[in-house]
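Copied over from TrEMBL, here are the features:
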type	residues	note
SIGNAL	1-16	signal peptide
DOMAIN	29-267	domain 'Ribophorin II N-terminal'
DOMAIN	275-372	domain 'Ribophorin II second'
DOMAIN	380-506	domain 'Ribophorin II third'
TRANSMEM	545-566	transmembrane segment
TRANSMEM	578-598	transmembrane segment
TRANSMEM	604-622	transmembrane segment
Amino acid sequence: MYYLAFICATIVLSWSSTIMGDRSVTGYLEEKDLNRLREVFADAISSNDLQAIYYSTLNIKIDDENYSAELCSSLRALHEASKLNGYEKDFYYIGSSKNLVCKNKLPEALLGSVYAVFNTELSSSQEIYYRVLTHKLLGVQINEPTTTKIAKTLQGLLKKDDSITSLGYAFNVAGELGTAASFVADRVEDAVVQADEVDGKMLQFEGGLSITALVVNGIFRVTDIFKKPTPLNPVQAVKFASYFLNRRSVQSAKGAHVLIEALKTLSGAGNSAPICIQLIGNGQLQADDPVLNVVVVDLLGKPVTPSPKTVYGKIILKKDNAVLAEKVQLISKSSDKTVYNAQLSTYKPSRGVYFAEINVDNTFTQKLQFKVLGRVKVHSLEVGVTDSDSSSTVKKQSIIYPQTLKGTLKADGTQKLLLKSVLIDESTTKVITVQQAFVRLSNVQSNEEIIFVAEQDSNKAYKFDMDVGLHGADFRYKSGIYELHLIIGDASVSNSFQWHVANVELKFAHEPDTSKKQPIRSTLPEIEHMFRPPEKRPPRFVSDVFTGLCLTPLVLLLIFWSKLGINFSNFTFAPSTIGFHLGFGGILALFGVFWLYLNMFQTLRLLIPIAIFTFICGNRLLRHLHAQRVGKSSVSLSSAAST
């Protein structure tokens, strides 16, 4: 039942993929990615990691013979120091030696243990994988009885441990064991359904890049050898490819190797193989020559095999989904068979954002977004000065871009500075709206500047209206000649500009206060923290009365002692007695010092040792007094008994 559900799901996904034709990804392993991975391999060669050295020497060639010989001589020590499993480090040692074509002979003890390993019990599919491939590296042919024995051991291990890691190693080693291990191909569906989907766009297996690449490479290998159907449908292949491409920033030599191998495997996956359809450049087309350039490659950036026969695109305006062109043919460049382009000038695209739905051989589709840049043109610009409270017609002067008004405009605190400009699209002559329209006024002498936003009115004309008197504080009331600039910018405009429109002499009613002039971008004055002022203390008379009341019990005690007398008969000069009284007196003295000089934390640090000393002495003193009292009672009873 479970197997039937998997087959049904696969058929549905395959059918929907055929209908949609979406078998492409938006990225591939570019030359910059390959160069970075080469750097990863080059850095790993100089490491002390045997595994990293193996994968590095497997992917790049060392031209320096002296360095290669030095590396060969260090392999044995690295093998002995490696903390990998024995079967792993044996494989990497022998593999690195073979990659480097080392002249040093492998240790006899190592070879003896490798040759005899199949006479012992193998503990996992991972060990079987490394042991079998180690024999292959050595060129040792495993005989048929041993192969059958290993296959049975593998079958038993998979019954005990059918985790995705165990299955991955089994898929990769099954082809080396021949028909005796054909049962492994039946476990492909069990592995595929364990894939985890990420954001609905990627598929991966638990364990990350290494395990995902191990399983994907293994299932294609085992199904190819034992002539089974393609293990992944096109949708799954695209999601696995997206995951691998998302891991292009891998930093380890093993990760770089398995990444490249997995992308090679998916690129050669036949009818399930995804391709990459991608825009060339930043996706911005010039209005005067809108040429759409698209690259069609496999996952490794190589030409698709066989070459696409037809590449078409549907051009849609993003703003209202209006179709600009239903079927535009993209033609392959003669110099580069991966690049296809289409001239869109015949469709006269206006400024804006577009979608291009690219279709390759009615099988692969990709939706790409590009932008056609327009050219903005100043249709008219007028600038003038008028009274702030005047409702009369304003006399304005027209200026043609990019000229600057001759002479200097003058405006004081009772006047307003006005500017009005209409912008049009150069190709359509229609009035347009831009994302940024600013008016900048900069002082000629001090280079201080202030920027205002030009607002668009109901007729889509940009207007700037500044009352000089009301904005005097913005200029710090600094009169002088200011340059008036119009700044126009937009992400879909190719000729954003800054235009020096005119010079304006501004005269403010108040002159700036130069006594506390603060230089622009200078160090700000230090901010000193102000603590809350202490509360007002009571009068001296009140404090003295309160202190006298606190001392009253002590005074009364001294008076009573003088009247009644003090009994020193029980006082002894034992160390505990003296220590207790000294400690108690020290505590009282400490409280007095605390009242005058110390804070709470300083007092506690001094009080703790004094208190401990006083407690110990007091305890011993009380025990002594108790024993003394008990002794007197016993003597009294003895005297009474004798009488």
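Backbone N, Cα and C define each Cβ position, glycine as well.
Just so it is clear, the model here is predicted, and its values are computed rather than measured.
If you look at the transmembrane segment (578-598) against the transmembrane segment (604-622), you find at least three C-beta pairs under 8 angstroms, all six or more positions apart, and that counts as contact. Here the domain 'Ribophorin II third' (380-506) is broken down by DSSP into helix, strand and coil counts: 3 helix, 70 strand, 54 coil. Here the domain 'Ribophorin II second' (275-372) has, by DSSP, the following mix of helix, strand and coil residues: 3 helix, 56 strand, 39 coil.
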